[in-house]
């Protein structure tokens, strides 16, 4: 029978529930269990697709085209699985589904209420995740903190699941904070006690408490927490700030967290073999070289907006025993006069995805600098579109060339709406989303990176390269190295007389893994290292 683990949070948000859940998933997977994982977000948006990155961080896209929470990126990178649309559930999705059923008459004229209708829908999403993946273990992270009004239906639903399927099949893990008061020189357990008290008042008794802390937690403090929270002392797990995220599974294993979980859920799988993971962490901690890459974006104040890009750069660096330092460059501040000052000390330049016109001209200036000065360049989504516009303006001399997204009246719409998007009015969930094939041209940097004729990558865009400009740009050394199999859509572009200038319409960062870097990132970092060594 499938086992269910629920991870809740208390005291404050952003405690690392997602990393805890992902780390436990990795430990259980290495015990030979089939693990899947999901995130429940209590906000009323149907998905984060139309939310500002300042509000929510990056939007992580799954193979099947779901726009989801950035925690799913952590889940995929840690557990090395490809998640799906069932892996992220929001209050908006739940209510939308229930209201549609009510309109269809599925409730037989009954009064539709939070209990049982909303809670039943939530439970169905938990069970469906296990059914769809044939998982041995389903880990579900509940977003927000205990005590939030928005979280109450989710907490009630996961409370009911224990009654539905039995205590041996359900486990509750609660993540809290033990703050260190500098003035008093001591750590305080009271916020954790109150958080657990709140959780218990809702009918949920945690089986494990994971305490986030800056300082070591003494045995006396663990005993105190165990006493007040009514759990075994061994089930108080310390989550100290780690030098690398990938060390967290090893820290949890040292404290026997996965064994406690298996004992409770009556799983007799052998201990997790973390030899390869330990080797990875040791490698990450002992990188001997450095390279610096400029990330020119418009959300640089909130680095979570580009979290998968940064992780993909790091993964690529691990292959070369290199620590990739990211220099954050606000695209709005970049001008032709100061671009050298802002990016001249870097070994490579990356322009990530985005929407809208803010910061676009600064990104184009940075792209021009990379092209003219032979600096390795990787463009992603909007970065690919702007690389095309820069080339059209400055090489073909098409003054005013632009994207119809940015300037609907441009005389040269190098980037234009996909034909199927012309009559679309809704913004949410209407992009070209998910996994699509890309055919690579031989003897190109893209082909050399993948070494395969056809690859599959995840997309999230509404606009596309305008094919009427293909012949003129090709004549000037602009290479269309990746297209859709029918040749209609441009997927990857390159520049001929350049050491490494590649840009992709898709989002290669979404499929990178710490032990298996994404090919374009791998070769981009290699080119950046070569550039540094040649200076």
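Each residue, glycine too, has its Cβ placed from N, Cα and C.
Checking the candidates 13, 388, 403 against Swiss-Prot: the one annotated together with 148, 149, 150, 188, 189, 190, 191, 192, 193, 224 at the CTP site is 13. Note on the recorded positions 71, 141, 405, 509: the fewest other CB atoms within 10 A surround the CB of 405.
Fewest other C-beta atoms within 10 angstroms, among the binding-site residues 14, 192, are seen around 14. Nearest neighbour of residue 188 (UTP binding site) by Cα distance, taken over the binding-site residues 382, 384, 385: 382. A straight line from the CA of residue 384 (L-glutamine binding site) to the CA of residue 507 (active site) spans 10 Å.
Within the set of recorded positions (188, 190, 507), the lowest number of other Cβ atoms found within 10 Å of a Cβ is recorded at 190. Rounded to a whole number, the distance between the Cα atoms of residue 224 (UTP binding site) and residue 149 (CTP binding site) is 29 Å.
Looking at 16, 383, the binding-site residues in this record, the fewest other C-beta atoms within 10 angstroms of the C-beta turn up around 16.
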